């Protein structure tokens, strides 16, 4: 058969409903909204083609390779319940399409040009199944949950953090003072805000020095290991590594990176540096909502979370379920499990489209942060469990008596919740009662309870199934 020029329907080559997926395939679940008149099979096949080997017309050079070996295949299509003209298209990609150890390359293929494709009104990547054969080519998180606990010598409870506010405008010395007060009051960590890099009012080196001094002083006075997430995010990879090197020279335990604005290549480089040099790595997800908030277009956060676990990070922000930022409970717990656990079963009620086996890739601690305060502590302890970081920015620094009492209030509330849970009490039902009891012997907690007793952020969640 000679070369036949011309345009062929995608589904003739790329829609293969009888295909049996291989253990080594990367599987993707796309939410497809075809243009009027485009059948779902053609839309699904087009996604498979455009994100793998296909282009809009037959090309002569197709004959020089084995398309059957390399093409993506749309192997199943199902309508989305309750939505008109929306389908979930399942696509299988052969492993050989991807460079080993490169999240950048994986995403460039799977969520690259295809998202601008005219035959689709909208396209959203809901989930990815990463096969062990591919997972094994990644280092993953620099240390993981168990190693972090051993480094910090903290067990049996969530960790407590606080983002230093106002996020922009403080001088380095005043910033360091706030860090010291929070850590001295009983928090485990304080945090640079995601947009604190190296601005005219506070250059990075000055901030690093004052924060290091603050945390060593707090450490000496409390006998607990303390950390401050020093944001190493910078305009170039070289500058980022330079900042991480300086943090290591100061002897601090943890640095931080904005992985989406910084990019996966930079993030993976930093994760490798952190493992080689014993630094923990805190990841902030600034820009995620640009990608994941639209229900029918973009990428779900669970995909960004999986990508981060492969690229590397020891903590990542993951919504609160109860605060001011997005997060529906079951869906949030779904990707929290994908971050922490070795093996997660497929469970569509939690938005998990595929069984995910991480083999021996270390886990990532989910960070709950954004509009939370002492009254949320029982719910957060119950929802996230011990392996999490609970971060109270305004909920610490907004305390009427100042930063250190704000930290005391949060620590007392947390210890009370953990104690109550260990005694078998039901945090969901008795939460308010537990906090009230604890506030009787902690004036700091009592003052915090009074300030925030009426504050709620009640809006309809966008991230529904």
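From the backbone N, Cα and C atoms, a Cβ is placed for every residue, glycine too.
For residue 165 (active site, proton acceptor), applying a Cβ distance below 8 Å and a minimum sequence separation of six or more within one chain yields 193, 393, 394, 397. According to Swiss-Prot, the active site, proton acceptor annotation covers 165 (among others), on the basis of sequence analysis.
Cβ environment of residue 284 (active site, proton acceptor): 194, 231, 256, 257, 258, 259, 316, 317 lie under 8 Å away, each six or more residues apart in the same chain. According to DSSP, residue 284 (active site, proton acceptor) is assigned to a strand segment. Per Swiss-Prot, the feature active site, proton acceptor maps to 284 (among others); the stated evidence is sequence analysis.
Look at Swiss-Prot and you will find 113, 163, 167, 285, 317, 369 tagged as substrate binding site. Other Cβ atoms within 10 Å of the Cβ of residue 113 (substrate binding site) number 11 in total over all chains.
Under the three-state DSSP scheme, residue 193 (Mg(2+) binding site) falls in the coil class. Sequence annotations record features per position, and here Swiss-Prot assigns Mg(2+) binding site to 191, 193, 194 based on sequence analysis.
Taking Cβ-Cβ distances under 8 Å and a sequence separation of 6 or more, the neighbours of residue 4 (N6,N6,N6-trimethyllysine) in its chain are 58. DSSP assigns residue 4 (N6,N6,N6-trimethyllysine) to coil in the three-state reduction, placing it in neither a helix nor a strand. According to Swiss-Prot, the N6,N6,N6-trimethyllysine annotation covers 4, on the basis of sequence analysis.
Annotation source Swiss-Prot lists N6-carboxylysine at 191, citing sequence analysis. Counting only same-chain residues six or more apart in sequence, the Cβ atoms lying under 8 angstroms from the Cβ of residue 191 (Mg(2+) binding site) belong to 161, 162, 163, 164, 228, 229, 256, 282, 391, 393.
Sequence annotations record features per position, and here Swiss-Prot assigns site 'Transition state stabilizer' to 324 based on sequence analysis.
For the binding-site residues given as 193, 194, the lowest number of other CB atoms within 10 Å of the residue's CB is seen at 193. Ranking the binding-site residues 167, 285, 317 by other CB atoms within 10 A of the CB puts 167 at the bottom. In the three-state DSSP assignment, the secondary structure recorded for residue 165 (active site, proton acceptor) is coil.
The Mg(2+) site is set by 191, 193, 194; from the centre of their CB atoms, other residues of the chain with a CB within 8 Å are 163, 164, 167, 192, 195, 196, 229, 231, 256, 284.
Among the residues 113, 163, 167, 285, 317, 369 said to bind substrate, no two Cα atoms are farther apart than 37 Å.
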